[in-house]
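Q: Annotations for this protein, taken from Swiss-Prot, read as follows:
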BINDING   Gln86, Gly104, Glu105, Gly106, Lys107, Thr108, Asp499  ATP binding site
BINDING   Cys890, Cys892, Cys901, His902  Zn(2+) binding site
Amino acid sequence: MLSILKKLFGTANDRTVKKLFSEITKINSFEPAIKILSDAALKNKTVEFKEKLKNGATLDDILYEAFAVVREAASRVCGMRHFDVQLIGGIILHRGMIAEMRTGEGKTLVATLPAYLNALTEKGVHVVTVNDYLALRDSASMGKIYNFLGLSVGCIVAGMTDEAKRIAYNSDITHATNNELGFDYLRDNMKYSMQERVLRPFNFAIIDEVDSILIDEARTPIVISGPVNDNSALYGKIDKIVRLLNVSDFEKDEKLKTINLTEAGITHIESLLIKDGIIKPDTGLYDFENLNLVHYVNQALRAHHMFTIDVDYLVREGKVMIIDEFTGRVMEGRRYSEGLHQALEAKENVKIQNENQTLASITFQNYFRNYPKLAGMTGTSMTEASELKDIYNLDVVAVPTHNKVTRIDLDDEIYGSKQEKYDAILKLIKDCYNRGQPILVGTISIEKSEELSSILNKEKIPHKVLNAKFHEQEAFIIAQAGRFKAVTIATNMAGRGTDIMLGGNPEMLIEQFNKDHNYVAKTAEIKAQIAEEKQKVIETGGLFVIGTERHESRRIDNQLRGRSGRQGDPGKTQFFLSLDDDLMRIFASDRISGVLRTLGLKDGEAIHHPMISRSLEKAQQKVEEYNYEMRKNLLRFDDVMNDQRKIIYEQRTEIIKSKDSYGFLTSATEELAKKIVLTFIPVGSYREDWDIENLTVELHRIFSIKFDHNLVNKNDVTEEDITKLVIQMAHDIYKSKEEAYSSELMHNAVKYILLTTLDQVWKDHLYSLDHLRQGISLRAYAQKDPLSEYKREAFNLFEQMLNNLKELFIQTVYHFHIDLKHLQKEDISLEHKKLQKNMRESREDPAFSKYNAGNSIETYLKPVVSRVDPKDRKPDDPMSWGRVSRNELCPCGSGKKYKYCHGVNE
């Protein structure tokens, strides 16, 4: 019934596209007048558009003419004229939606339309892609169009200086990778002045390969971290013990990707831990004193039994490097968190790096939701349309192809074993190779690609392997995969973003030559050779794409198919499967095995059965739904941290921009003074219950105030009077510092102290949240909702952090002095300039710079409280104690350590 209605009325997508086609005539109506403009007049259109916007016009008012201008500029500069369907894609992107466009339909060119239009507001446009190569390529090729029209173009890649990044981000249009954007956002919020920041306020982002970034990478947060305690030896010891466990000692669930010790396993590992002296005899792994070891054991179990070398990670130059499960690329600089990376290093017997503590983190889900306007392009996203709508409020519109798709998608072939499957794949590859038909073989891991490569080597079939180990060459290899007799093996979607042209890519081949006197002749020769080769490839049937396994996601399978049949080219695709494949084994093996037994399948015989196809599709849908729930759950938890992150980052920016840091100090001083006084002199309490002695100690500890007991001996003194007095005394201390050092220098010092304190407590708070998050799922066993519990406890931790911030900030401000002796006769204003300079230098990008203590503000800020000879301390006068180490006996004579007595609140 539904299919009949769709035929009668069309789908919602059909109706949207039909409506958009009616707008194309408006763009085309400008073409005759724009075509006759000179280059200078065409460029001047940018000035005209900006003037119109300043006079009240909207972007939609100038959309049709602006798109016509970009089309004409592209035609003149690059020799490429936007097709009507590409104009539709541009409108979709401008309106904050996702354009699904098939491979080879020119998504890069489409992005120039909304990028140019939105750049006219002078607020910046980010064109986001998945790797440095694509960012550089697209900024260079499309930048010619923008420059021709008078707009500036920047490109952000790894390893750039802050100054270079600042220039690139201040360009009208900036090409960048999602990773660099995320890290720059975190780094900016660790800087100490607005001038040091590189990013502008968020405006509009166009994400290429949007499904890869917003879906595939959504579960992986980007993290800036710093080292914590060295526990490498313990990881090594636990690794050796876990190797001795039996299969019966643990249970693993491959569907849920979990692993747990059995009762027998707990007993076994406890005996091994006792034998190695790691835990005491007669204690258990889950005893309170040994609970920290559970974390190490669990990560070692995961490393050995849930993670596979050359599938999930590889070892290169003595380092464990993560492989992106979706692209097959090495994720440079990324490390698994929570000790898993250290467990893998112990497993592979390479140097174990220190665990890291999170300094700043954000998921791509929450990073990209910062943009007021967001759009994206991809070849396959309709299968995830509901997720993109639910999480990002992005509608997906499938754009029709310019040429009809002539590719033939053959039915899957299913075999009983992996060997039978490989035999069938080899037979097909031989047939295609002998006829000259190019073949692209897609695998799901490096291990599988190298396994297949080994088979082809034995058969002496020349081929190229494209995987994470050779990602530097991937664009060139994939671009030439359409040549006559080419055989290419690729992991998943490695090389994504680079078109496979039948006969080869002439531009990339031409780039291999130096521009010598034979350059023009060589160029013509290569183009002629490619044209001839293309015709031969078309005669063989075009590119044949072979899938060696079904991926968990239908979308990834569709992306592999989409490598063939670009722009109306001929091509074929087919998947070869076996019951040994991970997806079949985990999700569909029992049902399909039953069908095969019923049908009496013989060795080496393939089967095509509708039930098997349905079972596979159901298995993929099941995994997709599970992964979607995982991402949704991650977002629910990350939203809690994101709300707190926004508050901290906004507050930090406000502090940096502030020209009066004394305002922050005054409000914090008043609030803390009231709190301290009320702690020792509760409202409505009797005078004899007032704890003046400890109030005196606390006021000195926090404010450096020498409080006179006699001030409260008057009968008419109230706690309110004492609070006012404390605030006034604190104010006087600050003013005396201002007189000594100048108000300008004090302003900078207070601002610096506030920012460093904020950074410290925020870092500690993230550490607490990490630990809270790790164990929160256990609350479900107590019939409590883990998310509700996480929200409640995270809020309590946040309040506690803010209280700690105020106290540490106040304590530091009132207990420091600035050492100006080294200045000799230099002016205070010069000291202020030096202080500002050192403040900048002391807090450069923590990901790249080496901290230079000699250039930090700590050179100038020194605590007033100094050590005092113990014999000069009076037990009943804390003022005489000076600085006391926390582990010293308390000078009061109680016999307790200072940290458990008068120092309990420090």
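Even glycines carry a Cβ here, placed using N, Cα and C.
Let's see these features in context: how buried, what's close, how far.
A: Over all protein chains present, the Cβ of Gly106 (ATP binding site) has 19 other Cβ atoms lying within 10 Å.
There are 18 other Cβ atoms within 10 Å of the Cβ belonging to Cys892 (Zn(2+) binding site). Mapped onto three states, the DSSP output places Cys892 (Zn(2+) binding site) in coil.
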Q: Please report the number of other Cβ atoms within 10 Å of the Cβ of Cys890 (Zn(2+) binding site).
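A: That number is 20.
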Q: For the recorded ATP site, enumerate neighbouring residues of the same chain (Cβ within 8 Å of the Cβ centroid of Gln86, Gly104, Glu105, Gly106, Lys107, Thr108, Asp499, site residues themselves excluded), in sequence order.
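A: Near the ATP site, the remaining chain residues are Met101, Thr103, Leu109, Val110.
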Q: CB neighbours of Thr108 (ATP binding site) within 10 A?
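A: Thr108 (ATP binding site): 18 neighbouring Cβ atoms within 10 Å.
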Q: Might you list, by sequence position, any residue in that chain lying six or more from Glu105 (ATP binding site) with a Cβ less than 8 Å away from its Cβ?
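A: Glu105 (ATP binding site) has long-range Cβ partners Val85, Gln86, Gly89, Val399, Thr401, His402, Arg566, Gln567.
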Q: With every protein chain in view, what's the tally of Cβ atoms within 10 Å of the Cβ of Lys107 (ATP binding site), excluding that atom itself?
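A: The answer is 25.
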Q: If we check Cα distances from Gly106 (ATP binding site), which of the binding-site residues Cys890, Cys892, Cys901 wins as closest?
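A: Going through Cys890, Cys892, Cys901 one by one, the Cα closest to that of Gly106 (ATP binding site) is Cys901.
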Q: Around Asp499 (ATP binding site), how many other C-beta atoms are within 10 angstroms of its C-beta?
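A: Other Cβ atoms within 10 Å of Asp499 (ATP binding site): 18.
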Q: If the ATP binders are Gln86, Gly104, Glu105, Gly106, Lys107, Thr108, Asp499 per the record, what's the largest distance between their Cα atoms, in Å?
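A: Pairwise Cα check on Gln86, Gly104, Glu105, Gly106, Lys107, Thr108, Asp499 gives a maximum of 17 Å.
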Q: In sequence order, what residues of the same chain, 6+ apart, have a Cβ less than 8 Å from the Cβ of Gly104 (ATP binding site)?
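A: Counting only residues 6 or more apart in sequence, the Cβ neighbours of Gly104 (ATP binding site) under 8 Å are Asp499, Arg566, Gln567, Asp569.
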Q: Suppose we draw a 10 Å sphere around the Cβ of Cys901 (Zn(2+) binding site). How many other Cβ atoms does it contain, all chains included?
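A: Its Cβ shell of radius 10 Å holds 16 other Cβ atoms.
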Q: Taking only the Cα atoms, work out how far Lys107 (ATP binding site) lies from Cys901 (Zn(2+) binding site), in Å, as a whole number.
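A: Per the Cα atoms, Lys107 (ATP binding site) and Cys901 (Zn(2+) binding site) stand 68 Å apart.
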